[in-house]
Amino acid sequence: MKLKFSKMHGLGNDFMVIDGVRQTVSLTPEQIRLLGNRQLGIGFDQLLLVEPAREAGHDFRYRIFNNDGGEVEQCGNGARCFAKFVRDQGLTGKSRIEVETARGVIAPEYLGDGLARVDMGVPRFRPADLPFLADAEALTYSLPLPEGRCEIGIASMGNPHAVQRVDDVDAAPVAEVGPAIESHPAFPQRVNAGFMQIVNRGEIRLRVYERGAGETLACGTGACAAVVCGIRQGLLDARVTVHARGGDIVIEWAGEGSPVIMTGPAVTVFQGEIEL
């Protein structure tokens, strides 16, 4: 099986993007792990698969696989690359598209010049939405860890996030605490662990230990989750610049019941073909 693909990234969060509309694609978890291997394959944080939409009125279906072979519900940086990919490949002439994901419909828009904006949908905060095992809904929760308790906010952006505030994101023990939060028993389906430093009301610095992928240079849904948690706690304004290790994105949220809008870069690195 020969597969044509594009290698892309959003803020250094890198992807192998495959057109499953014009070519037949059927990949096993083992094949995805091989493709994701940076020594033996293409190498990526996530594999993004473009498929035909299942329902009338939508443009495409968007599927995401981590480099461990597991399928996940959502990827914000990938959504921006998705919007650029379908335009560049001639799969659509639209700038704004409606895309089915495992957790609902999102609306990416390619703005040109390597920039895309995505309506990420309305965030959810009930513990059952992640899921997260808690007695009641709250703004923050105390999570017991081997290193001691930490205070987290939670949000679902179609995928689950736990966000904790830190004084210095560079000094945050992401490699140690990230896996402990990701696999904590309180998160039966695991969780993405965010570490947020608030610079001011319109600016944060962020690192994310992603479920199934480890720490990446940036996480779009993690940026959305961090900002909405900060806004709910009264710490941030409605428009926030998020500084990740891979670069900056802008997150906007008008409050409860409103969608989160994410704007940032989408870059094509190269195109290729691989035989499996």
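Cβ atoms are placed via backbone N, Cα and C, with glycine included.
For CYS75, the entry in Swiss-Prot reads active site, proton donor, with the evidence type sequence analysis. In sequence order, ASN13, GLN46, LEU48, ILE64, ASN159, GLY220, THR221 make up the list of same-chain residues 6 or more apart from CYS75 (active site, proton donor) whose Cβ falls under 8 Å from its Cβ.
Swiss-Prot lists CYS219 with the feature active site, proton acceptor, giving sequence analysis as the kind of evidence. Taking Cβ-Cβ distances under 8 Å and a sequence separation of 6 or more, the neighbours of CYS219 (active site, proton acceptor) in its chain are ASN13, GLY76, ASN77, ASN192, GLY194, LEU206, VAL208, GLU210, ALA244.
A C-beta separation below 8 Å, combined with a sequence spacing of at least six in one chain, links ASN66 (substrate binding site) to GLY36, ASP45, GLN46, VAL72, GLU210, ARG211, GLY212, ALA213. Look at ASN66 (substrate binding site): DSSP puts it in a strand. Annotation comment: Swiss-Prot describes ASN13, GLN46, ASN66, GLY76, ASN77, ASN159, ASN192, GLU210, ARG211, GLY220, THR221 as substrate binding site.
All chains included, 23 other C-beta atoms sit within 10 angstroms of the C-beta of ARG211 (substrate binding site).
Counting every protein chain shown, 31 other Cβ atoms lie within 10 Å of the Cβ of THR221 (substrate binding site). Listed binding-site residues: ASN13, ASN77, ASN192; maximum Cβ neighbour count within 10 Å falls on ASN77.
Across the residues annotated as binding substrate (ASN13, GLN46, ASN66, GLY76, ASN77, ASN159, ASN192, GLU210, ARG211, GLY220, THR221), the two Cα atoms farthest apart lie 17 Å from each other. The substrate site is defined by ASN13, GLN46, ASN66, GLY76, ASN77, ASN159, ASN192, GLU210, ARG211, GLY220, THR221, and by the 8 Å test on Cβ atoms against their centroid, the other residues of the chain that qualify are ASP45, ILE64, VAL72, GLN74, CYS75, GLY78, VAL208, ALA213, THR216, CYS219, GLY222.
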